[in-house]
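Structure, as structure tokens:
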Ligand code: ADP
């Protein structure tokens, strides 16, 4: 076993994903998920290397985040990893303009993350809860925050500035921040390795398609534009989120008597695949229903794949040349029909599918799935690994 293990914690508003990971190899010797926090059926499940999955319900009363961290501490102690555990790495959703890299956490950093809760009300308070619980449980270990937004801090001003009154930026910090940064960072580096190029010379468009979805243009290894914005609601159509829409619709609905909460709820939780299909937010369910002739599912599939292709092609203008388009995330890594349809929609750019490669790329196996002689570029599927980025950055930033 290696001597640098990192406990990676990814706290959501009602969940906590965790992994105990070798920071060099990325191998997880323990991983699990706490969910339904705040509800009667709050629970935590985990899997240790070579053992069956286990699950326990969390007691009611008090913070479920703290209870879950308590169980994780016990699990880690029972594994007897001792001094091999060198750091705790926290995924933090919003780092605002303050955090352009991962950061060693102290009280002032916790306060800064908390102060950014205004920008990510569902996520940052949960991240702070996770950090506080871990600081209490592991007081002698360094804790490092790895931000979803940090990778995008290299975007030029023209890409992050909204076409609105500049006062909204100076007064409230309203601008494009972008999310999924650790994923776009990871797959762009992996693509450079596949292409045998230096990351500083690599230009890609990274397409992360999961429940949340975003496109990122990476020029010479740096993010220069991305489709999520001030919040993770912007850009592509997603599982339950609308992505970009005419802001006039919000005014219209408010005038029709909708409450602010109803509008928020509809755009965040009842749109995307779920809203268009009227059936499900899950891409697998959409594909199955479409095969059975469900019209709503077919429309959801068409809107989704059309929009993904439209974003990819518009992001081409940020680059002087393109080395690769990368598909990642649950849908990008697994869904042959969705990738196939996106590629069809990109035919004007000369992309020709490699059917064997496309059919083989699934369940954690990546590969080359198309190429364009016109652009001298390939399309790759690369499984993402955000936990690995968090673990390796936790070790790197612990040393600073
Ligand atoms: P999150 O954004 O929550 O991390 P994931 O990256 O795990 O989500 O992606 C979840 C999405 O991936 C779901 O829509 C799911 O249906 C889809 N997905 C997973 N496996 C497949 C598959 N074999 N075929 C099509 N879609 C899949």
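Note: Cβ is positioned from N, Cα and C throughout, glycine not excepted.
Going by TrEMBL, these are the annotated features:
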- 148: active site, proton donor/acceptor (ACT_SITE)
- 10, 386: Mg(2+) binding site (BINDING)
- 17, 208, 209, 210, 211, 212, 282, 283, 284, 330, 331, 332, 333, 334: ATP binding site (BINDING)
- 91: substrate binding site (BINDING)
- 180: site 'Transition state stabilizer' (SITE)
- 241: site 'Transition state stabilizer' (SITE)
Euclidean distance between Cα atoms of residue 241 (site 'Transition state stabilizer') and the residue listed as 'active site, proton donor/acceptor', Å: 18
Per-residue Cβ crowding (10 Å cut-off), top of recorded positions 17, 241, 284: 241
Distance, residue 10 (Mg(2+) binding site) to residue 282 (ATP binding site) (CA atoms, angstrom): 22
Recorded positions listed as 148, 282, 333, 386, least Cβ neighbours within 10 Å: 282
Residue 10 (Mg(2+) binding site) versus residue 91 (substrate binding site) - Cα distance in angstrom: 5
Distance [Cα-Cα, Å, rounded] between residue 209 (ATP binding site) and residue 386 (Mg(2+) binding site): 14
Chain-internal residues near residue 180 (site 'Transition state stabilizer'), provided their CB is under 8 angstroms and they sit 6+ positions away: 148, 208, 212, 214, 216, 226, 228
Listed recorded positions with Cβ under 6 Å from ligand 1, out of 180, 241, 284: 284
Subset of recorded positions (10, 241, 386) lying within 10 A of residue 211 (ATP binding site), CA to CA, in sequence order: 241
